[in-house]
Structures are given as C-alpha cells and as structure tokens.
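Q: The structure follows.
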Amino acid sequence: MKKRTSPPSTLENSPALTSRSSNMPTINEFKYINERPVDDISLDFFYKPHTITLLAVSIIAVMYFAFVRDQSDTQENIWAGMVCVTFFFMIVSVLAFPNGPFTRPHPVVWRMLFGLSVLYLLFLVFLMFQNYKSIMGIFYWFDPTLRNFKIDMDKEYGANCSDLSFERIWSHVDVFAWGHFLGWAFKAVLIRHMGILWAISVMWEITEISFAHLLPNFAECWWDALILDVLVCNGLGIWCGLKICKLLEMREYRWASIRDITSTKGKLKRVVLQFTPESWAPVRWLDPKCTYMRFFAVCQLVLLWQLTELNTFFLKHIFEMPPSHPVVIGRLIFVGLFTAPSVRQYYIYVTDTRCKRLGTQCWVYIAILVSEAILCIKNGQELFERTQVKNIVFWLFVQAAVSVLFIFGCMLWHKCVDGDESQEASPVKQLSREFKDSAIVSGDSKGKSSAKNSPKTTPSKKVRSQHSSVKQD
C-alpha cells in the first residue's frame, strides 16, 4: 500500500532560499505544536481512521453491557454509567481532538490524554457549584475509608530541629525524598534550562516558608529545607535530568521501518523504541536580545509552576486525603503527563514569533490550574481565615522579585557566554530552523546528517539537496 508522507515543505521552490536577506518563509508553527502529523508511516493499518469500525464496535459493546449486566444495585449502575460516558468521550477524543506536539508512541495516546484533561476540567467546573459537604459526600461515595482520615495525621517535619543525629536525618529520606528527586528530574527533562529550574526550586522553598502557618507539613527544619530538599533532592534531580537531555541531544535519530528489520530481536527492539522520543532538539528560552514580552512570559512560567505545586498540597489538605491515596497519586501522574505537551506548546508560543496562537493543551492546562485554585479558595475559607496577610504579601513580593532577578541573570549569562552567537542560535531568528524542523520530523534531532546517511523515505533529504543546489548555483 502507498505510504503516507508529510505535505511538501514550504521551503521548496521558495525564493527565500536564494538569498539570506529575504524574508522568512511562512510555516504553520501552530500546526506542529497543536496537531503534529506523523511522517514515514510504514504500518498503515495503525494510522488509518477506522471510524465506521470504531463506531460499530463501540455501539455493540455498550448495547451488550447495557442489556446483560445486573441492574439491581444503584451504586453499580452509577459506576457503569460513568465508565460508559468516559469510554465514549475517549472515542470522541481519538476522532476529534488534536494530538499536540508529540506523536510517540502513537497520536491516539496524546488525544486520549487531552480528552481526560477536558473531562477533569469539566469535573472541576462542576465542583465549583457544590458546597463543601456535597463535595466531601462525592469523595466518600468514591472511597468510604476517607471518613476515618484527618489531615492532622500527616507526618511532621519541623519538630526537634536541634537533633542532627544520623538516625534523625535518615528518617527524613523517605518516599517523599525520592519523589522530590524523580519529580525534579522530570521537570528538568521538560524545561531543560538550569537557571529557570533553580529559580523554581528556590522560590518553592520560599513558598513553603510563607504558607507554613496554613499547611503544617510545610514546616521543616532548616537543614531539611536547605540541604536535603534544595541541594540534594532538587539539585541532584536537576543535574540528572539535564544530563539525560544532553545525552538525548547528542544521539543521532535514524528510524528504520519495522518491515525492513529481519530479526525477531530487532523487531522487538524497534517496538520498545517506539515509546522513546522521535527526536530531541535543544531548547533556548532566553537570549540577550529577546523582547521584554518573552522575558515576562518566562517569568510567568515560573509563577505558574508555583501554582501547580501549591494546588497539590491545598487540595489534599482542604479535602483531607492522605498523600498515598490513589486520587492524589493519580492526579500527580496525570498532571505530569499533561504538562509535557503544554510546556512544549508554551515554549514555541513564547520563543517563535511565527506562532500566533497558544496550543490547546496549554490552554486547558492553565484553565485547570486556575480552576483548582478557585476550588481551594472557595472551599477553604475556614483555613484562609487564619492567613497572615504579611506572609502572603511577602510571598507575592519575593516571588515577583526573585523570578525577575533569576531570569534577568540568565539573560546576562547568555550574553556573557554566547555573545553575538546567541542571535544566530535563537529559534526565532535562525533561517536554518526550517531545515531543522524537517529533520526533526524525519527523525534526526541534529538536523545535519548527510543525505547519504538519511533514509530513502526521509522528506528532509529533498529539501536539503535543493538547498545545497541553490547554494552551488
């Protein structure tokens, strides 16, 4: 069967190739961050719509369970109805929603994740119009064991800080310490900028100090906050995450079709590698000549990340859930997965002037953050009545000041280290970015592999060859 390839690059036959002083060719950057196409498809069956088949199978399955299952238990009926609604919404997500900037392991995965985020946003909007008693009744219906849990049963970290024995320090290296390390390694893989990561890390410790009078588990000893959290867990996680990014940037991506692999071991390896990134391009949030809008957009990213972390702790504190509860852990995993396409879309929107629209995943993600914050404020009035205004004012002032100083320091660092080369390396101003994008689509993260080493089906090979011929002419 005929393989489906990406649409022809807008660079072909473009007059911009004949002169570096010509205007930048128009490329739909929003398309590649909101619904990126899959290139070099070798197994057509897994990328065809199959809409009629999917509709028939879905209706038959729903009819079967609707008529066969026992309907005597009202609670089971409600559960079955909710599962069926979610199931059909996932089907609609696969057919109608965009997959975002990622295509691995399959666009269906990211469309379903986007569908779950929309469902979660709608659920938050529904909870906004309920009182606290009704919301807790819903949670008790999901898990009756929550009636026996009180938030003051959490572990305290700020008691007896003068005890610096090895046993005391080792007792703080618990599952949450490992969570800190893995979380910051994941954040480093997403953001890929040491200055921004350290700004978020330092500002989060300031956030914990400012809200310690509201959230008891924020009260920590100085050695726990400064040494264990900032330097050991956060710092080591940032270093490992950036190290992983550097290794992925150095790797050369050339993907072979599974049909061209003869050995069984090679086919299995190719299937496993389908769950790895198709390519890995370096990012550049700042450069010395970036506009003030880009500067404040990066500062806004730092503040949004603080809100994400705060929502996690306020939600489980106000609605009284243990940290190990499946709802808390499931939300953390969901937010972590959904953050990946959102950060990528936000990065392109901030750094590329050709992208005029914010990606849909990022839009929904920001809406979720704001909705969670509103839900906490509305149902935590008793908690926020104890708010110390001076602490909150101090927190707001420090958050704004530290974020601006950190980002400005990063700009000065780029100016001192990169110098004039920063203008050429900017993703907004570099003419060869289009060729890099073509190479990324075909699986070459570096965008500079030779034509003879490229796969025969690589669409970027034609563009690069035409570009070289234009130069020779």
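Here the Cβ of each residue, glycine as well, is placed from N, Cα and C on the backbone.
Where the annotation comes from TrEMBL, it is an automatic prediction and has not been curated.
Pulled the feature table from TrEMBL, pasting it below:
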- 448-458: compositional bias 'Polar residues' (COMPBIAS)
- 1-22: region 'Disordered' (REGION)
- 437-473: region 'Disordered' (REGION)
- 45-66: transmembrane segment (TRANSMEM)
- 78-97: transmembrane segment (TRANSMEM)
- 109-129: transmembrane segment (TRANSMEM)
- 196-216: transmembrane segment (TRANSMEM)
- 222-242: transmembrane segment (TRANSMEM)
- 291-308: transmembrane segment (TRANSMEM)
- 328-350: transmembrane segment (TRANSMEM)
- 392-413: transmembrane segment (TRANSMEM)
Q: With Cβ distances under 8 Å as the criterion, find the stretch in 109-129, 196-216, 291-308, 328-350 that has the most pairs with the transmembrane segment (392-413).
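A: Comparing 109-129, 196-216, 291-308, 328-350 against the transmembrane segment (392-413), the winner is 196-216.
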Q: With the transmembrane segment (109-129) as the reference, which stretch in 196-216, 222-242, 291-308, 328-350 has the largest tally of C-beta pairs below 8 Å?
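A: Counting Cβ pairs under 8 Å, the winner is 328-350.
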Q: Please report, as numbers and ranges, the same-chain residues at least 6 past the borders of the transmembrane segment (222-242) whose CB is under 8 Å from any CB of it.
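A: Contacts with the transmembrane segment (222-242): 157, 161, 164, 169, 172-173, 177, 180-189, 192, 194, 197-198, 201-202, 205, 208-209.
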